[in-house]
């Protein structure tokens, strides 16, 4: 079964996120558990935690259907020790918030070397950052998102994702989220079913589908291989509809959150309905 949704707002309280997801016909959702533009947030109160859990139950969202995202400020591969510690503390806080909310996944961008340390050293720092957080939490999987490779961001090659996973001690609590826009911008073609087969065969060989814990379904304004991260609505960008139809009709993408981060929230309900229809087309065939 496909879990399809979008990154919804938690404005006014975390308990509002499941309702907003249900309103657009989603069977999955992503959210920030705190203001993603701030390093620290007030601790979660028992009331906030209970309200969120009740709302998830009311709208039939299990932890497997929810893909929280951490703050964009965090850089788990930061070359400067003080800044690295600040990021590690913030990431641990994000993991602990997920644990308190009964969530089992935390999606994050791996990190950037800022042109100050070698790529290999940065990847090792990211893996060690994950190890530190996993050692102090239970039940939450760290889900590494592939990047477009913009600037000095790492995680744009499958080999880099595999290198991070290799450095994580508890392999049962590390995973990957593949963003289609990022992959396309990084040079992984998705424009045809044949291209999708080739790209995901490479993913399976280098990273492994056992680590795929979520996806971001985004078309791309940016050109193929441009290393520029610019999302677009499904079918409106340079990837086109075929990739998303192909994903909907492949059972390897069942049972994980498939999250829209496309640029027009007003049509998320339409995009979700279209994605669901592609899945139905497969069943009928």
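Glycine too: its Cβ is placed from the backbone N, Cα and C atoms.
Site annotation (Swiss-Prot): Zn(2+) 2 is bound by 145, 179, 261, and the candidate from 69, 78, 216 recorded at this site is 216.
Binding of Zn(2+) 3 is annotated in Swiss-Prot for 229, 231; the matching candidate from 113, 182 at the same site is 182. For the Zn(2+) 1 site, Swiss-Prot gives 69, 145; the one candidate out of 60, 109 that the record lists there too is 109. If you measure from the Cα atom of residue 261 (Zn(2+) 2 binding site) to that of residue 145 (Zn(2+) 1 binding site), you get 13 Å. For residue 216 (Zn(2+) 2 binding site), other Cβ atoms within 10 Å of its Cβ number 26.
The DSSP secondary structure for residue 231 (Zn(2+) 3 binding site) is strand. Cα of residue 231 (Zn(2+) 3 binding site) to Cα of residue 179 (Zn(2+) 2 binding site): a span of 10 Å.
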